[in-house]
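Visitor: According to TrEMBL, the repeat 'PPR' annotation covers A:1-27, A:28-62, A:95-129, A:130-164, A:165-195, A:197-231, A:232-266, A:340-370.
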Amino acid sequence: MKGLCRDERWEDAGALIAEMVRKDCPPDEVTFNTVISYLCHRGLVDCAMEVVEQMPKYGCKPDNFTNSALVNAFSEHRCVDDALELLRTIPWKPNTVCYRSVLKGLCRADRWEDVGKLVAEMIRNQMNLDEVTFGLIIDCLCQKGLVDYGAEVLGEMTKFGCSPDIIMYNSLINGFSENGSVDDALELFKNLSCKRNVVTYNYMLKGLCRAERWEDAGKLVAEMVKDECLLNEVTFSTLISYLCQKGFVECAIEVFEKMPKYNCMPNVIIYSTLINGLSEQECVDDALKLLNDMPCKADTICYSAALKGLCRAERREDAGFLESATEVCELMLKYEYMPNVFIYSSLINGFAEQNRAEDTLKLLRNMQCEPDTICYSAALKGLCRAK
DNA sequence: CTAGGGTTAG
C-alpha cells in the first residue's frame, strides 16, 4: 500500500483495499492512515477526507495518526484556522503531534500571539513539550527574521527539560546569517555545545558565500574535511551557484572538477548554472564543451543558457555563432527537447541583427511552440532591417 | 506496519 501511495497510484491503492476486503483480510487503521497521510502530503485534502469517511464502513475509527495528517494538511494547504477548528473537534485529547501541526501553520502564518496561546494551552493540559516542537518554533522564528526571539526560545525551553540540539543550532546559524550578520552566525558556529553536522557546515558556508567571504569559505571547507564531515551535493551546489552568481565562474569550474573526488555527482542544475555562468562571462566555447560533455541529459535550461552565450557572441564578433546556435536547436529537437519561446526569440533576434530576414521568417514559421510578442517583434526587426 | 523540527540550485 505504501509503495502504491508513494507512486501516487491512488486507483491501484483503492483496488488493493477492495481486494483486502474480498480476501477476508480487511484493511485496518494503519492501512487507512497510510493512504490518508500520503494523500495529505500531496495536497489532495478532499480525497483524504473522503477516505476518512469510508473508515467506519470497515469498522475503523480515525485516531491520532489520521487527525495529525489532516491537521497538517489543513495547515499547509488550506487556512490554518481550519486546522485549528479540526483540532477542536477531535473528541479526545489530541496528542503533541496534532498540536504541533497546528503550531506549524500558525508559525508560518506569523501568528505568534496564537502560537503563544496554543503553547500555553499545551502546558495547561500537561502535554509534553519536546525538542521537536521547540525546534519547529525556533526554525520558523529564524526564517521570519525573528532570530533573537529564536535564541530566546532556545534559552527558555530548558525549563521544560529540553536541551538545545544541532537542528536548532542549524536554524539559528542560518537565521543569523540571513537576517542578522554572518559574524553572529560564525560566533555561534564556533561555540556550539554539540557536534556540527554537514547541514551546519552547509548553512555556514551559504552565509559566507552570500557575504562573498571567499577566504573564510575556503577555510570552512578545509575545516569540514579535517572534521571528517563528508562534503555533499548541497556543499558543492552552494559553492558553485554563489561563485557563478558573483562572477567567479573559473573558480566555480575548479570546485565542480573536485566533485568526483568527494563522491558527488553534479546534477543538471549544476550544469545549467555553470553553462549560464560561462555564457555570461563570454566563454561560449567552454559553455558548449560543457554542454556536449554532460554525462546526464541536458534540459531546456541548459540549452537556452548555451544559446544565450552563442547569441551574445554573435552580437559581439560577427562570427558564425548563429549557425552553431541553430545546430544546438537541432540537437535539442533530436533529443526531443522543445526549444522554448526564450530560445526562439533569442535566435530570431540574432538573425534579425544579421539582416537575415529570410532565416528570421523561416524560424518564426517553424516554431515548435506558440510565438510570443518578443518573437514577432524580433522577426519584424529583421524584415525592417532587410528593407 | 502510520504522524513529527533543520540544507542547495537555473
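Just so you know, glycine gets a Cβ as well, placed from its N, Cα and C.
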Visitor: Cβ under 8 Å, sequence separation of at least 6 from the ends of the repeat 'PPR' (A:197-231): give me the contacting residues as numbers and ranges.
Guide: 166, 169-170, 173-174, 176-178, 182, 185-186, 189, 238-239, 242-243, 246, 248, 251, 262, 264
Visitor: Which bits of the chain, at least 6 residues beyond where the repeat 'PPR' (A:130-164) starts or stops, bring a Cβ under 8 A of a Cβ in it?
Guide: 96, 99-100, 103-104, 107-108, 110, 115, 119, 171-172, 174-176, 178-180, 193-194
Visitor: Please give the sequence-distant neighbours of the repeat 'PPR' (A:1-27): residues at least 6 beyond its ends with Cβ less than 8 Å from one of its Cβ atoms.
Guide: 34-35, 38-39, 42, 44, 47, 58-60
Visitor: Which sequence positions outside the repeat 'PPR' (A:232-266), separated from its termini by at least 6 residues, show Cβ-Cβ distances below 8 Å to it?
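Guide: Sequence-distant neighbours of the repeat 'PPR' (A:232-266): 198-199, 201-202, 205-206, 209-210, 212, 214, 217, 221, 224, 273-274, 276-278, 280-281, 283, 286, 296.
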Visitor: Per DSSP, what is the residue tally for the repeat 'PPR' (A:232-266) in helix, strand and coil?
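Guide: Split by secondary structure, the repeat 'PPR' (A:232-266) comes out as 27 helix, 0 strand, 8 coil.
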